[in-house]
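Undergrad: Mind having a look at this structure? Questions to follow.
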Amino acid sequence: MIQSSLYRALNKGFDYQILACKDFKESELAKEVISYFKPNTKAILFPEFRAKKNDDLRSFFEEFLQLLGGLREFYQALENKQETIIIAPISALLHPLPKKELLESFKITLLEKYNLKDLKDKLFYYGYEILDLVEVEGEASFRGDIVDIYAPNSKAYRLSFFDTECESIKEFDPITQMSLKEDLLEIEIPPTLFSLDESSYKDLKTKVEQSPLNSFSKDLTSFGLWFLGEKAQDLLIVYKSIISPRALEEIQELASLNELDCERFKFLKVLENAQGYEDLEIHAHALEGFIALHSNHKITLLAPNKTILDNAISALDAGNMECVIAPFVLNFKTPDGIFISLNSFERKKKRQKSKLALNELNPGEWVVHDDYGVGVFSQLVQHSVLGSKRDFLEIAYLGEDKLLLPVENLHLIARYVAQSDSVPAKDRLGKGSFLKLKAKVRTKLLEIASKIIELAAERNLILGKKMDVHLAELEVFKSHAGFEYTSDQEKAIAEISKDLSSHRVMDRLLSGDVGFGKTEVAMHAIFCAFLNGFQSALVVPTTLLAHQHFETLRARFENFGVKVARLDRYASEKNKLLKAVELGQVDALIGTHAILGAKFKNLGLVVVDEEHKFGVKQKEALKELSKSVHFLSMSATPIPRTLNMALSQIKGISSLKTPPTDRKPSRTFLKEKNDELLKEIIYRELRRNGQIFYIHNHIASILKVKTKLEDLIPKLKIAILHSQINANESEEIMLEFAKGNYQVLLCTSIVESGIHLPNANTIIIDNAQNFGLADLHQLRGRVGRGKKEGFCYFLIEDQKSLNEQALKRLLALEKNSYLGSGESVAYHDLEIRGGGNLLGQDQSGHIKNIGYALYTRMLEDAIYELSGGKKRLEKSVEIQLGVSAFLNPELIASDSLRLDLYRRLSLCENTDEVGQIHEEIEDRFGKIDDLSAQFLQIITLKILANQLGIIKLSNFNQNITITYSDEKKESLKAPSKDDNDILETLLKHLRAQISLKRR
């Protein structure tokens, strides 16, 4: 009722400075009313901020920055004597917040002089994290004369200094790291946390460090807010405030859970609801009927543009309507009239880069070399070769063997990724055994690729059941989803529709994480088949999945006349059901492999979920069932981009990488384990009638943990699940847990990644330090998939037992709930879920031997080779030039940044890409020096040589030798033996050769 009540209040006179609402959704609706009816009032929207007092704010970092940004905006508007109002979820107003003096910003002006040490100190006291690389808000870096600052709720800026003078200010893109062209004259730098000086910073730091709070990071980011004392204020008391009735209910509920003292809210005025005023929720398909029903009311219709407005008017009786082009979302009814909007809220997608660099090479990590196999990356080292300095990666192999890999050949290695429980073994250098192993794997991969291509070719010859995909009912079906489709879902639906309406049978793989909306996309296809008179089968590997899909489909198709049935080992009257399927009395049949023997009257579509989990015989039966019908396979296992491209030569691939708009990242807490904390975590979830995953990765002691939990919380209903429990019993336990008959699932790992358990929204991970970064991220992703917020607790037995690297990793996970869906994550997901079954045949043995990256690359090559595509060039050019060439540490001080650039340069496929990286280096680090420029020339030579079939470039003094793959040699003479002359002579010659070749 927020919009209609607020509209009424505005008409009666409204001079409040704060409006507290139930949640962000209600706040958003209220802001629309203020913005439309009081356009001169600055309406500032606060985020939800569900931190409880003394919570570690790293887990709420993004919202905390937004909250401080909104508050700073409010103080500035008051200072400028501008009429303003804060509209906030009540959760954002429950704690005292910083006064104006703690949120002061400062300016940096072009051509002014600044002491860089003082600037660095100031940013540090303002809460900025000083790092090598700036990627997210609240970070800054100082690299010689170049300073990067990413201001919260603002933009990322790059400043260039000449001595102390600021000679350039530009924005830069934190994802590409490249600055934009336009120069700025002045920028404003707000604090990330609070505007403190050295003295006030030290005072606050001391208060935090001396507090008894349980945390691994007793710093201002985590706890500063709770110790501001008189420098913070209760906004609801200081400024004239009013709350919505639903916000009052929220306060009362929190009070009933003893999380809040109700007394401090008693003085607040409550926004009144009144008769004749109500908020509306009208779906597009019901609009015409609604307007006809209210023809005696004055109706105001809002639309984002003239086209949408004209289309609406032509379909409606516009006699009593006032039409307005405005972007606001207003849907409410008053005694005087009705407001209806054709607009919807636009969720701004944050372009964000993952801070958790999963593919970063760190010393001590396992790597696999294309020719020499599995070893351990030791360090980045510099050696003199032929009297010149070059950089190498040192890789340790079996025994005392070491390989020095020139950095220009970094593309020959990849991080070793197999299954997370497999322990790699080092290979021995010089025995040739790894090359034999590769040859064996290649033979097997050619066999697999051949089968895939053969099947695709067979299916390609079959005429498909052509469907009409432009039916109006499909649009109505979409509008009843209850949520907005993501752009990925829209794209996948369009791709599937194109397949269904062609003359060929569809063969498409739909991949996407659990909760990303694969089932909705599949249901759209099933409904399309139904409208065209065809039956569909949805085949799943487990009874629990069958049960879940059946409930989902039954609810979704309830009003659309689709008859849905389920066939699994629990289904009663199987024969009767099979007869109904044969007679065409069932439109969509869902079930386990029990479906595979069913006879259909008019089967048009087969959808399979998690196909790789079926056995060999079941896969054969599946192939038979789907032989001449449209086939859609769904998988929660992501596919790395390059393999995706190779597979797309022979089958359709759609990927869902965007989470649903209302999905919130799970809150993550890193804590030292104790009994009180465990009780608090479990009760916190039970109070909201939820369930808990408790991960304890040690079967031998799992019963002890169960006993301990039962001692702490008597009557707690706990189920145990681990790999030694047989499949049927495991499934039974999961079914009981899904039904809510257990409160805690105590297990060694979440056995079934594809299962959606919307009521389990807290996960506790015992001894989190023993898990890999990707495992922890995966486990965290198991909660927070429904409407409720997820909570993830990484518990450590003893803080002192953690090394610095492990602590850093865990703190990074705590602060960064976002993880990019890039290539590295796909590999790591495969590591956890076991990528061995990716193509339906278990290949985990081969993957264990050669690692996932090399395996997929070889598979891509096999597919390209057999389907007549382009095979990658495997030859590496050997560079034996007496030239000093490396990325200079004086220019790029950080080893990890240099290593990243080396990796990217080694992967360049053309000289344009090298030129782009050259520009980027100058932009990010300053003018490039001779040594770094010479390394870029070496990379350019390597690319040109590859194009000409050259395998080696070498020199002795000014005499240069070029060796071709057919052993032919060519000699050149440079003007001198200087590095520059050698490189220029070679570049000029190779470019001329390529020009001749192109003629």
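Backbone N, Cα and C define each Cβ position, glycine as well.
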Undergrad: Among 609-612, 785-788, find the range that Swiss-Prot records as motif 'DEEH box'.
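TA: Range annotated as motif 'DEEH box' by Swiss-Prot: 609-612.
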Undergrad: Helix, strand or coil for Val514 (ATP binding site)? Use DSSP.
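TA: In three-state terms, Val514 (ATP binding site) counts as coil.
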Undergrad: Determine which residues of this chain, when Gly512, Asp513, Val514, Gly515, Phe516, Gly517, Lys518, Thr519 are set aside, have a Cβ within 8 Å of the centroid of the ATP site's Cβ atoms, and list them as they appear in the sequence.
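TA: So the additional residues around the site are Ala636, Leu656.
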Undergrad: Let me check the 10 A CB neighbour count of Asp513 (ATP binding site). How many other CB atoms are there?
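TA: For Asp513 (ATP binding site), the count of other Cβ atoms within 10 Å is 21.
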Undergrad: Give the three-state DSSP assignment (helix, strand or coil) for Thr519 (ATP binding site).
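TA: The residue in question, Thr519 (ATP binding site), is helix (DSSP, three-state).
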